[in-house]
Amino acid sequence: MSKQNRGRLIVIEGLDRSGKSTQCQLLVDKLISQHEKAELFKFPDRTTAIGKKIDDYLKESVQLNDQVIHLLFSANRWETIQYIYEQINKGVTCILDRYAFSGIAFSAAKGLDWEWCKSPDRGLPRPDLVIFLNVDPRIAATRGQYGEERYEKIEMQEKVLKNFQRLQKEFREEGLEFITLDASSSLEDVHSQIVDLVSNVNIHETLDVL
């Protein structure tokens, strides 16, 4: 399939309560309003058997060791990826609310080895564009429903932020378009910036892999 016909793979990352999920939905709605084919994928996908186990963990209903939950997060991405490939090949732009970068950033924040955290996701498709919504963890902590899940603690989020900054540096050196936006701007302004970035992204004929 030519690069003109395949869909784009767009990832939006961010700290918890950064407005990421809202922006993902706004982007999908915008693309559809422009008569483009678009679909939203949220990770973790809490509807699968693996995703339900992750959901229990995040809500602190069960305890799992850090290596186990990291591998479950990765498996949750792998179990969906074939369908994502199929959609992209049909010309559907796939918008991902979190991806492998979150897995690395959060697990490394708990002290797991950096390269080990990256290894389970090697072979997943490399996005055409990654957008990181940057917000001060202390501001995110003031937003509604903050603290309902395991990782929503300021100290943890500060470590995750540093890891995202490291990921951006590493992957940009590998040629990945990895852009940071200030998520403290208005919802409309952030949305407008995201739409501009997505509209102008350069795509290769086929997706590379991580």
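Each residue, glycine too, has its Cβ placed from N, Cα and C.
Here Swiss-Prot flags GLY14, LEU15, ASP16, ARG17, SER18, GLY19, LYS20, SER21 as ATP binding site, drawing on sequence analysis.
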Remark   = Across all protein chains shown, the one of the binding-site residues GLY14, GLY19 with the most other Cβ atoms within 10 Å of its Cβ is GLY14
Query = Same-chain residues six or more away whose CB lies under 8 A from the CB of SER18 (ATP binding site)?
reply = LEU133, ASN134, VAL135, ALA140, ALA183
Ask   = By a simple count, how many Cβ atoms lie within 10 Å of the Cβ of LYS20 (ATP binding site), its own Cβ left out?
value = 23
Remark   = Other than GLY14, LEU15, ASP16, ARG17, SER18, GLY19, LYS20, SER21, the chain contributes near ATP (Cβ within 8 Å of their centroid) the residues LEU133, VAL135, ALA140, ALA183
Query = Including all protein chains displayed, how many Cβ atoms other than that of ARG17 (ATP binding site) lie within 10 Å of its Cβ?
reply = 23
Key: DSSP-derived class (H/G/I helix, E/B strand, else coil) of LEU15 (ATP binding site)   = coil
Request  = Indicate whether LYS20 (ATP binding site) is helix, strand or coil by DSSP.
outcome  = helix
Inquiry  = By the count of other Cβ atoms within 10 Å, pick out the sparsest of the binding-site residues LEU15, ASP16, SER21.
reply    = SER21
